[in-house]
Amino acid sequence: MKLVLMGLPGAGKGTQAEQIVEKYNIPHISTGDMFRAAMKNNTELGKKAKSFMDNGDLVPDEVTNGIVRERLAEDDAKNGFLLDGFPRTVEQAAELENILSDLGTELDAVINIEVDKDVLMKRLTGRWICRTCGKTYHEIYNPPKVAGKCDLDGGELYQREDDKKETVENRLNVNMKQTKPLLDFYSEKGKLHSINGEQDINDVFVDVEKILASF
């Protein structure tokens, strides 16, 4: 079973990825893990990726695609995999098709976890952290007993810059703009399966299982 998992930040992709790889016994292949492994193993492509990252530059597609090609050719990916964080563009998606074709296979499905932007905003902007002990709270899902104070030590709760409304909204807008052409690409190929990510976590996975039952 060869899958790509998509979803905006806060959609619950990580949770579903864990359940998919456990149930179907396939490797979870994320872009970050691939880069780290290539750099740790000191491969030629790993060295190239490191030089770009050390300079604060984006790793170009030819390097990223090469690292993906090397990873998907490994033995543990022969019977299936879950790709997470790749492809990010239509160009990368087209190259993924070429890579899989060269390996004598193709994608089975692209699963997109859909969550309304307003719901994502609530999920992502609700996090507060204790300045003293670092305990994390959420305004909706795990609120403190007294607003603005830690239950454990009464420490002041603060919000990281990354969790502030303006930052989160900007991140979501950028992601939505990037993702739309990719969703259209896979929809035209008949590979796209969208799931309601606003349900309970277990119900989301039930929907995933229904899709994967046909493969």
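Cβ coordinates are placed from backbone N, Cα and C, and glycine is handled just like the others.
Feature annotations, courtesy of Swiss-Prot:
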BINDING   GLY10, ALA11, GLY12, LYS13, GLY14, THR15, ARG127, THR136, TYR137, GLN199  ATP binding site
REGION    30-59  region 'NMP'
BINDING   THR31, ARG36, ASP57, LEU58, VAL59, GLY85, PHE86, PRO87, ARG88, GLN92, ARG160, ARG171  AMP binding site
REGION    126-163  region 'LID'
BINDING   CYS130, CYS133, CYS150, ASP153  Zn(2+) binding site
Neighbours of CYS130 (Zn(2+) binding site) among the binding-site residues GLY10, ASP57, ARG88, TYR137 (Cα to Cα, within 10 Å): TYR137
Least Cβ-crowded entry, counting other Cβ within 10 Å, from the binding-site residues listed as VAL59, CYS130, CYS133, CYS150: CYS133
Lowest local Cβ density (other Cβ within 10 Å) among binding-site residues: ARG88, ARG127, ARG160: ARG160
Cα-nearest neighbour of PHE86 (AMP binding site) within the listed binding-site residues, GLY12, GLY14, ARG127, TYR137, ASP153: GLY14
Within the region 'LID' (126-163), residues counted as helix, strand or coil by DSSP: 3 helix, 12 strand, 23 coil
Residue from ARG88, CYS150, ASP153 whose C-alpha is spatially nearest that of TYR137 (ATP binding site), among the binding-site residues: CYS150
Predicted model, mean pLDDT over the region 'LID' (126-163): 96
Residues close to Zn(2+) site centre defined by CYS130, CYS133, CYS150, ASP153, Cβ within 8 Å: ARG131, THR132, GLY134, LYS135, ASP151, LEU152, GLY154, GLY155
Proximal but sequence-remote residues of the same chain as GLY10 (ATP binding site) (Cβ under 8 Å, at least 6 apart): VAL115, LEU120, ARG123, LEU124
